[in-house]
């Protein structure tokens with residue numbers, strides 16, 4: 001009994017204790033709630049204050065920006081020349097130039113092997129030499145060793161010209177659209193070519209005592225037989241920085257190479273005595289105005305000496321030859337640039353009553369293709385690669401803008417965007433639409449043209465065997481014509497036509513568009529290196545293809561390419577700062593260094609001028625192109641730079657090693673989906689098959705290098721695994737109109753619309769397929785778990801784009817080339 005009483009008392013006491021604790025906890029919670037409310041009120045008040053401060057700061061910054069703009073204009077007026085040149089030459093909208101497939105094959109076999117590039121380019125009036133001038137100096141300005149030599153390439157290729165010139169006048173009958181009936185009379189003299197870019201005058205450079213380079217440590221690099229040192233640059237910058245100003249340092253004795261991570265180092269002269277230093281990102285550079293800019297670098301020189309330095313502040317990059325010994329190649333480049341004829345603005349299209357016209361008889365037509373041999377299909381998993389190539393080329397024809405002539409092979413497409421560029425007096429009506437929309441973005445389009453041209457040059461026997469060589473050549477010509485029209489004067493380039501947001505709000509056909517289509521221009525005041533350098537690469541590559549087909553056209557392409565590269569190289573700036581509207585769609589995340597390396601290599605391949613060889617090899621190191629990220633896209637082409645440099649300079653083992661390093665990484669380290677698709681979780685979420693196809697192109701190029709790389713067979717196997725995935729290895733095709741269960745609802749406006757119906761709701765309508773089949777288009781593809789839904793509204797997985805098909809089509813040609821063995825792969 002006593003025990004029971006004791007337990008009862010203990011229980012009662014514990015209950016009272018717990019109740020007391022509960023009361024205390026409730027009191028503490030009440031206090032905490034009050035404190036929280038007090039803090040919440042305080043934070044709300046603080047937020048309002050911060051918002052007011054931010055608003056006042058924005059107003060102040062706006063006032064500062066306005067004042068800074070006035071100051072910049074004054075400085076700009078003092079530093080830059082305001083003159084400009086007027087170029088008025090003929091323009092054309094020609095029908096396709098007929099050249100037989102066999103003739104094209106013979107010409108490409110003889111003349112477009114990059115190891116036997118022509119020494120000159122013929123024109124109807126003159127022959128321009130582009131052979132390199134042998135260097136007499138024992139030093140080099142590039143980042144390669146001074147003892148490195150370039151094997152002079154010669155060619156015994158027979159000169160051939162076409163007998164049927166490309167028409168210089170626009171055709172009067174464009175597939176049922178008679179221009180004469182729908183335009184008012186317009187005289188060419190009523191219009192002027194827009195060449196409002198600055199003249200490329202010399203840089204203004206002032207020697208400054210407060211810009212210095214200091215040697216911190218020095219040692220002998222026995223491997224390269226050079227002397228190497230670490231140094232610091234310390235510069236007191238002026239309070240006002242002209243928009244493209246740079247530091248320039250003169251070294252005595254000259255340097256062979258400079259490497260720095262905190263700036264871009266570029267040799268100004270051929271001897272390596274003058275070096276320009278610029279920030280990697282211009283927006284960050286402006287924060288140093290009136291402050292000290294300090295960065296370290298590593299230099300290499302041939303003699304055991306501590307170099308002395310003198311510092312200069314320049315308003316922009318100096319012209320080549322402005323400092324140091326005269327560069328003989330520059331006169332060759334200047335002479336060549338004067339040989340090509342810039343096309344004159346033609347206002348005919350701008351006088352049309354309408355900007356587009358739908359086709360009279362829109363319909364689906366099943367394409368025809370040459371059937372490959374069974375022996376070839378044994379090496380292609382049974383896939384008919386001829387069909388893939390034929391349909392991929394048709395996809396690019398479906399993306400065409402402008403007047404479509406009688407040779408239009410897409411019956412459901414008509415004339416469109418005939419007045420693009422009229423407001424700036426430029427013929428921008430042609431070109432390609434970017435994706436499922438109708439904007440013309442120069443950067444991804446030019447990249448697509450470069451990659452397609454490379455595939456033609458390297459795998460042209462495959463296109464010939466498929467019966468598609470002529471079609472693919474004139475497929476890229478459609479874009480090359482637009483790039484030339486977008487470059488009306490040396491320092492002007494039109495990098496975008498159409499407002500992305502406005503365009504994306506419209507779901508309909510391009511023939512019926514009524515919206516405003518603004519044009520965005522790059523000049524020396526607002527430059528953009530990425531699209532101008534990429535356009536230079538595209539036109540340089542195209543000039544090789546057309547060298548023997550049409551020498552005058554080829555010369556024009558190369559002339560434009562040289563001018564655009566000079567513009568891109570001298571006025572360096574990420575283009576989305578000059579065209580903010582593009583940042584939402586095609587912002588340059590990787591910067592412009594890869595485009596400069598890429599373009600320099602293509603200009604050397606096209607011209608064989610030694611200056612471009614030195615520039616390509618020099619920029620490869622000084623602009624860090626020898627370090628690559630894992631992606632390949634319109635934004636980042638560093639991996640492709642490795643491969644192209646290995647092709648151009650097979651005697652330099654460093655390029656081959658870099659190719660092997662990156663290809664091995666794709667095999668060993670790279671992430672894959674459960675079914676084997678190369679998939680980088682950081683980038684592949686949007687358009688996974690685009691990246692996989694680009695890697696396939698790179699891997700096939702690596703597998704084909706001679707002498708063979710150790711893992712070349714593994715490269716080939718991984719490449720065809722990616723292509724097989726796209727064509728149907730997993731049980732379905734991701735190419736519209738090809739194979740088993742292909743996509744039927746690609747995110748593509750014009751092919752989705754039923755003629756005569758309002759299709760504004762089709763973007764979100766998953767109840768029916770696209771009305772027309774967009775043959776050959778590669779859709780974005782699956783996620784990292786191989787999941788994919790064929791839904792038009794899913795633009796991440798189901799949109800199509802011109803850059804998606806570029807690497808894919810080239811890789812398919814490479815796969816077919818391998819299947820052809822000695823007729824192509826080992827050719």
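Glycine residues also receive a Cβ, built from the backbone N, Cα and C atoms like all the rest.
Annotated in TrEMBL:
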- 747: active site (ACT_SITE)
- 790: active site (ACT_SITE)
- 799: active site (ACT_SITE)
- 120-166: compositional bias 'Low complexity' (COMPBIAS)
- 386-811: domain 'Glycoside hydrolase family 9' (DOMAIN)
- 118-175: region 'Disordered' (REGION)
- 741-762: region 'Disordered' (REGION)
- 1-17: signal peptide (SIGNAL)
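Here the features listed in TrEMBL are painted onto the structure.
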residue: 747; record: active site; CB count, 10 Å: 25
residue: 790; record: active site; CB count, 10 Å: 18
residue: 799; record: active site; CB count, 10 Å: 21
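Note on the region 'Disordered' (741-762): DSSP counts are 5 helix, 1 strand, 16 coil. Residue 747 (active site) sits 9 Å from residue 790 (active site), counting Cα to Cα. Rounded to the nearest whole angstrom, the C-alpha distance between residue 790 (active site) and residue 799 (active site) is 10.
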